[in-house]
Each structure stands twice: as C-alpha cells, then as structure tokens.
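The block underneath contains the structure these notes are about, expressed in structure tokens.
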Amino acid sequence: MGMSLQQIVFGVLSIISIISALGVILSKNPVTSVLCLIVTFFTIAGHYIMLNAQFLAVVHIIVYAGAIMVLFLFVIMLMNLNAEIEPQKRSWLKYAGAISGGALLLVLLAALREASVSSLQPGAVEIGLISNLGKTLFSTYVLPFEVSSILFLSAMVGAVVIGKKEGHES
Amino acid sequence: MNALISTALAGVVMMFAGLFIRNKQHIKFVAIAALLIVSVANLAELSTIEGGSRTVLGMVTVSHFSILFNAIAFGATLIYFLLSGSAFEKVGEHVADYFALVFFILSGITLASSFSNLLMLFLAIEIISIPQYILAGSNKRTPKSSEASLKYFLMGSFSTGILLMGITLIYGAAGTFNIEELGLGNGDINPLALCGIILLAFALSFKVSAAPFHFWTPDVYDGSPTVFTSFMATVVKAGSFIAFIRIFHGAFTGTNISAHWQLLLSLVTAATLLIGNFTAVFQQSVKRMLAYSSIAQAGFMLFAVISMNKYATQGIILYAAAYSVATIGVFAVTMKLKDYTFDGFNGLARTQPVLAVTTAIFVCSLAGIPLTAGFFAKYFVLTAAVQQGNLLWLVVLAVLCAAISAYYYFRVIIAMYFKQGEPATKEEITGGFKVMLVITAAIVILLGVFPGLLLNLI
Amino acid sequence: MPVQYYIFLSIVLFCIGVMGVLMRRNAIIIFMCVELMLNAVNLLMVAFSKMWADAGRVDAAGAQIFVFFIMVVAAAEVAVGLAIIVMVYRKSQSVDINIMNRLKN
C-alpha cells in the first residue's frame, strides 16, 4: 500500500464527515439532523488537529458542539419539532435545489481540479499554538478584534428587541 | 477612523438613552444630536490626512473618498431622522434600541468605505447585516414583519457563507488578506482566484439585491416596518455598493482577471435592469413599487462597479446621494398616508400641495429628469460605462430601462395631480415636516444644477 | 498530502450545505445547513493556512485568526437567528418557510 497513516486517517475522517453531512440534509427528523451535524463537527475538529491547528480544534469543539448545537437542540425541543412534521416540498422544487447544488459542485470541482497548489508537509508547524495565535490576534489583528465588539453589541441589542414581549402584543 | 469610533460610541449612548430618557420624543433629539457630532468628527479627520490616505494598523485605509462617502451616508441619515424619526415610536417600544441599531449599521458602513483587509470586509458586511435582520422583525404586531426578518436572516447568512468561501479561495491563491497585496490577474489566472472572485461577486450582488439574487428583496422590503425599509433601501444599499466597489476596484484590477468579472457583472446588470423595471411597472402598492425600483436603481449603480475610471467613483458618490435623499423623501411622504397604493395618492395636490410638489421633485429625480440630482447621477455612471468601451449595448439597454421607469414613477405624479380623491393621512402634517421636505427637495435640485458641489470634494 | 484533497472535501461539504438550503423548508434545518457551509469554509481556510506556512509565509497564522473570527461571528449570528426563529414560531406555530409565503398572499 502506498498510503501513509496520515492519508488513511484523512480518508476515514472525510468519509464520516461527508456521510454525516448528507445525514443533516436528508434526515426527516430534526433531532437526527442536529446529531449528524455534531458528528460532522467532531470529524472537522479531527482534520484541524491533523493540520496542526490545535487551538482552533479545541475552540471549534467548545463553540460549535458545546454552545451552538446545544442552542439548536434547545430550540428544537422547545418547539416540539422532534416529530416528523415537515410536509414534503413540491418535488420539482426539491429536485431543482439538488440539481443547482450539484451543478455548483461540479463547476467548482472542475475549475479547481487544475489549481496548482503545493503539497502539505508532514512536519509540524508552530502557527496553530495558542501563544503564537494570541500574539497575532493582539498585534496585527487587534483592530478587527475591537471592531467585532460592535457586532456583539448589536447582537445583544437584537436579542433584547426580538426576545422581549411587548405590552400590546396579542 | 473617527467616523468608526464615533458611530460605535453613539450607538452605545443610544442604548443608555433608552434607560434614562422616558420621553420618546427626546430620544429622537438625542439621536439627531449624536449624528451631528458624528458628522463633525468625520469631517474633522479630513485635515489630518496627508497624501491622500492613511492606513491604520494595516486594516483600514481612510481616504478623502471614504470620508466624503461617510459624510453623504451621515447626511442622508440625518435627513432620514428628521423626516421619519418620529415614526420609530410607532414600530414598537424599544425606540432607543432602534436608533442604536441604526448607528451600528452606520459604523458598518464607515468600515465598508475604508476597509483594506478581507477580514474587515467580512466584519463590515456582518455589522451591516445583523442589525437589519433585527430591524426588519421589530414590529411585533404583524406576522409579516417577523417573516420578513426570518427570510432576510436565512438568505443573508446563506450569502455570507458564499462570501466567505470566495474570500477563502482568494486567500488560497494569494496568501494574504490585504487587498493591496493580493496582486491577482497579473500573469496566469489561478483557478482558485477566479472561482473566489466569482463567488464574491455573487455574494455581494446578493447584498445589493441585483438580479438573479434579488428574490428576497420585495418580500423583505414589503414586510419590514416602512420606516426601516426606507433606511435599508437607501443608505444601507449605498454602503453595500461602496464595499463592492472598494474590493473590485481595489484588488481585482489586473487586466487578465478583470475581463472575466466585468463580463459576469455586465450580465448581472442587464438582468437587474430588466427585471427591476419590468416588475415595478405591475405593482399596485407604492411601497412595493419602491422595493422593485430599488432593484432597478441597483442596476444603474452596478455600472459604477463594472467601469473602472474616475467617472465611476464620481458617479457612485452622486448616485448614492441623489438616490438616497429622493427615496427617503418619497418614503417619508408615503408613511404619512393611510393607503400605500397608488390610489392613496389621488388628489394629494389639492389637499396637501407642499407634499405633492416635493414628492413630484423626488420622483423626477428617481426617474432621472434633468435639473434634478438623479439626472447627473445617471449621466455620470453611464458616461463611465461609455468611457470603458465595449459596454455600449448595456448603456443602450439602461437608457431604454430609464424610459420604462418614467412610466411607474410618473404614475405617482398623475395620481396626485390629475385624479380626484380624498387622500387620508394617518396624522396631522406638521409645519416642521413640510419645512424639512422643502429643504430636502431643495438639496435634490441644488445637486441637479451644481453637481460639482459634491464632486469637487473628492 | 496534496492540498487538493482538502479543497475537494471542503467543496463537497460546502455544496451539501448549499443543497440543503435549497431543498429543505424547515427554517432550523436551513440554518443548520448554513452552519455546515461555514464549517466547510473554516476547514479550507485552515488547510490553506498550513499550505502557506509550509511555503514559508510568516503571516500564515492570520488565516487561523480569520477562522476564529468566523466562529465568533457565527455564534453571534446563531443567537440572533434562533431568537428570530422562536419569534416566528410564537406568531405562526410553524417554522415552515412555504407556509409563510401562503400567509403573505
């Protein structure tokens, strides 16, 4: 076999991520979709570790699997959507969606097949370590870091504006 | 930078204003005062810039052009606050929060006019978008508003995903996020770069509601509270266009690559002009007509993106000012009426002559009639395209579409002046509102006669 | 290992997300598909970061910071988005985007 251990791990992780990603869009039960998405997120974290992005792998698990998907599960259970209540979409619309997504896939794959990019070296690089990322974030990227606070303020205001019941609401 | 910092601070001030000020009328005055301070801070930076532009931390490049555009966005917002600020109270209870969100959108727009890094482009687009989703759903009394919000949110985050894929592919080709160092299109075309630019063009067309990515626009603009539709369709749209122009004129100018996206965007422009104008003809509601006409106007603004010369930069400045001010004016008058259909305007000239005259001026400007600001705006963007060469077919199409647009814009004038009716207003039209309308109309005519007032500042 | 592998994997995941957005009509599932698209982008960005680091670029860590920002913004977007979805559900007892169209006409 001409495959290195790295390639075998990559292959297994990729197959699991693609199958579980398909599970997200094909499953009829929203709770199954959420669980499939969590599996996809874990495989992506595995890819991050293989790519020497250790800090991102940890943050990814904490933010996506830990916070975002739990919120999704809460909302789904709050609405009692765990039953298969989604009526079937008119089938031609469904096929149109699948065909246009597939067309995009084919176009991108065909275009990027010839892209001249180098190979990844097996050796470890230091860039993904927390001390290096911290230095970069607070030196070169300090302005976007501050600017993102505007985004959070508006999300915070938005949660209040949208979530709060108003007196005259029916 | 002054503009970015002061708008963010003004947003925070508005959040606290809601806590301490009980009188909703006073909140509006605080917002107007804050906006005046923001405008002054923005113009004060003009003197500190030497040599055309100043780069801050490699992320933001402040130039005369960006300061001028910020000034136009703030000026249009000031007119919007003065004309429609009192309508904020009728949407819901969180008046101060709505003003805060408007200020946050403005800080996103200042970022869009000055970013020099793809990360800042992403943040600018998100800071502009997220408050809009919230404003669209702020009217809790009607399900239409919440649905508009949900639709806008889903489509908006979908397009953000496409934008990010574009940025990633461009990074794969160039190895940097700094738009001055990208250096694409000199030499062989990297397929990664080409795919990235196309995805970026799609995502930004989506944000400016260009066809065939416009389908969310009519429903969202129709469902949102009218006072916020007025802001979204004008100042915000101009802000998205500035982001579009900055990235495409700043980074993708290489001769090998620009031909590709210019062809793509000229097809998008043609589709936008045709779809926007032809569907606007069939609308019965003025609010929906304005939603479709905003698509049609986006088609004209796209000319400034396709053609890379100095007429294009002048044209987008003039177009942003002319289109925003006139549309804010028409929306302000529409909001005073009970009936948003064309029939609701019947006989307005008899009962409210001031409203009728100013609306006629705004509508003429939107149609591009000479002596109004809209004429020179259209003239400059089309001249830019003519100078570019090989776009004559598109210019001819645009002129034909401008003729079609006159039909649905003049329907408003015909309803006001030549039809009988008793237009019912929601409330008493105050003298102050009339004065503001007259001043706004005067600005439209002033820019139509002396466009140099704005253009000499670049 | 060639970077091409990662490009193909992310493009496949991205397009599965796009298909999901176009095919499904449950607002929550559509939103989850958007998250899937963002993750495909993140994965590709990290792969490119490694590629440019191997090529000797000192600023390759910037791409990982970008991914960090995408995660951060996605978290804020989820907070707003789920609030909107819950609000719509309270109004119409449904998160089906087609039913909304029927209400409108």
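Residue numbers in this text run from 1 along the chain shown.
Here the Cβ of each residue, glycine as well, is placed from N, Cα and C on the backbone.
Listed features, source TrEMBL:
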DOMAIN    B:117-404  domain 'NADH:quinone oxidoreductase/Mrp antiporter transmembrane'
TRANSMEM  B:29-49  transmembrane segment
TRANSMEM  B:61-83  transmembrane segment
TRANSMEM  B:95-112  transmembrane segment
TRANSMEM  B:118-138  transmembrane segment
TRANSMEM  B:150-171  transmembrane segment
TRANSMEM  B:191-215  transmembrane segment
TRANSMEM  B:227-249  transmembrane segment
TRANSMEM  B:261-282  transmembrane segment
TRANSMEM  B:289-308  transmembrane segment
TRANSMEM  B:354-379  transmembrane segment
TRANSMEM  B:391-410  transmembrane segment
TRANSMEM  B:431-455  transmembrane segment
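Simply put, out of B:29-49, B:227-249, B:261-282, B:289-308, B:261-282 has the most Cβ pairs sitting under 8 Å from the transmembrane segment (B:391-410). Cβ atoms under 8 Å from those of the transmembrane segment (B:29-49) belong to residues 1-3, 5-7, 10, 13-14, 17, 21, 62-64, 67, 70-71, 74-75, 77-78, 81-82, 85, 99, 102-103, 106, 110 of the same chain, restricted to positions at least 6 beyond its ends. Contact between the transmembrane segment (B:118-138) and the transmembrane segment (B:431-455) is not supported, since fewer than 3 Cβ pairs fall under 8 Å when only residues 6 or more apart in sequence are counted. Nonlocal intrachain contacts for the transmembrane segment (B:191-215), taken as residues 6+ away from its ends with a CB within less than 8 angstroms of a stretch CB, comprise 125, 129, 155-156, 159-160, 162-163, 165-174, 184-185, 237, 240-241, 243-244, 247-248, 252, 257, 260-261, 264-265, 268-269, 271-272, 274-276, 294-295, 298-299, 301-302.
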